[in-house]
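Marked as transmembrane segment by TrEMBL: 45-75, 370-389, 401-428, 485-505, 511-534. Feature annotation from TrEMBL assigns domain 'Glycosyltransferase 2-like' to 192-387.
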Amino acid sequence: MPEISAANLIPESFDFRGSTADIAGQIGLIWELIRAPLIVPLLRLAVYICLAMSLMLFIERPYMGIVIILVKIFWKKPEKRYKWEPMRDDLEIGNAAFPMVLVQIPMFNEKEVYKISIGAACNLSWPSDRIVIQVLDDSTDPIIKDMVEKECQRWASKGTHCRYQIRETRGGYKAGALKEGLKHDYVKDCEYVVIFDADFRPEPDFLRRAIPFLMHNSDIALVQARWRFVNSDECLLTRMQEMSLDYHFTVEQEVGSSTHAFFGFNGTGGIWRIAAINEAGGWKDRTTVEDMDLAVRAGLKGWKFVYLGDPQVKSELPSTFKAFRFQQHRWSCGPANLFRKMVMEIVRNKKIAVWKKVYVIYSFFFVRKVIAHMVTFFFYCVVLPLTILVPEVEVPKWGAIYIPCIITALNSVGTPRSIHLLFYWILFENVMSLHRTKATFIGLLEAKRANEWVVTEKLGDALKNKSNVVKAKPKKIGLKIGDRIHLTELGFAVFLFFCGCYDFLYGKNNYFIYLFLQVITFTIAGFGYIGTIVPTS
């Protein structure tokens, strides 16, 4: 057989030793040769795949919208759908009428917010002999550990059953801390466990309003409350996050609770029946979404979940771009990795109905956790711009314009006050879809960063009261290009700018208007000028 070399694949007329103009001409000739037989079919296939994904996402959105309308107009509130009675003091049996409750507050170097969360938990309206506040401190800074311990001791001196717990290692991260916390002897008498992250501030009546769902309905494992954000107006980044998370709670969580009594636990602001945790196999640290992992396993055991739009728990949004990126990596990578690990277990499960299996696999995991990220990035940041360079491939108007507009309009129902920011939100979500898609692939393939866990930084009131903040152990702060400059985002800004210029000169669909605006957003993100800029001095 004759040997095949690179020279056989390139026509003899091609000489790459010429001038720059000659090389550019030869590259253009190669492009024309492979364009029709290779590029056009591949790009057309990519368009079809993206349109199919868009339709999947589009069908999901109106479905949830219809369910929400029915819930708001016709369906009873949770207090009417389930047995629920207000908590009352019983003069005969006294505090024994109240079940024993454990409140867990996992922490890691939370110097800005530890006082707020511990104080809010200790001020919950519940008999002091029927509640245990457990602060699970994994802090590595000895000064912060000392501050947290002293705060726990201060509340304990007031008669509050506040326990300060530490571990030798951070094995399992948050899941490991929660699991370890349930092993203590004083927890054995507790029926329910409430989990609050370090920046969460429940209202005093939170337990009295939520616990009755668990007391009077033995098949309910979880009561999840809605989050409210104390710093949503801090900057444009927090406003964008509020729009996304409000939709998640008011629509996605409500639909799951109303139709299948199933949704993903949000990791905080919720109350678990400890017996359900144990039956589901306890906390596991195999992914970065230990909360969702536990919820899926408990759901497969037949337990029901209830979402409450009221009461609401105040919390803090990450206001720095670096913290937000780390959070979004965890929230995108973790569900994809969990989907990989559990899909066959869900298929083989015998305890839940077929329709619930379809809902969990298709709607909960595949469409919302995988397709939603990928179609946003590949369609609107890769495929659509490429069709400008290959005009033989056309994207129908319904796929390029109408469907995205409808989906975006439906997403705005969660935060009506921010409807004027919808256009900025679209551009920002397209930028973040690059980061989320990469994280999704890492989770699906279980690649190197699949189990990366970086605690989301909370600023609390540090920027407002900087002079009053107790400084922890000083750290050397140097300029790291990776902390501020994001080359991938800047690379896409260059790519989209080229496509926009080409469309402006030769195109016919006026996509360059969208592309240039997207270029600006990618550039701003690439240089890190999003969110709160924390002073370093």
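The chain as shown is numbered from 1 upward.
Note: Cβ is positioned from N, Cα and C throughout, glycine not excepted.
Any TrEMBL annotation is an automated prediction that lacks curation.
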Give the mean pLDDT for the domain 'Glycosyltransferase 2-like' (192-387) on the 0 to 100 scale.
95
For the transmembrane segment (511-534), sequence-distant contacts whose Cβ falls under 8 Å of one of its Cβ atoms, 6 or more beyond its ends:
234-238, 318-322, 324, 381, 384-385, 388, 427-428, 430-431, 459, 463, 483-490, 492-493, 496-497, 499-501, 503-504
Hey, which bits of the same chain come close to the transmembrane segment (401-428), Cβ under 8 Å, at least six residues off its ends?
54-55, 57-58, 61-62, 64-65, 68, 236, 239-240, 242-251, 380, 517-518, 520-521, 525, 530
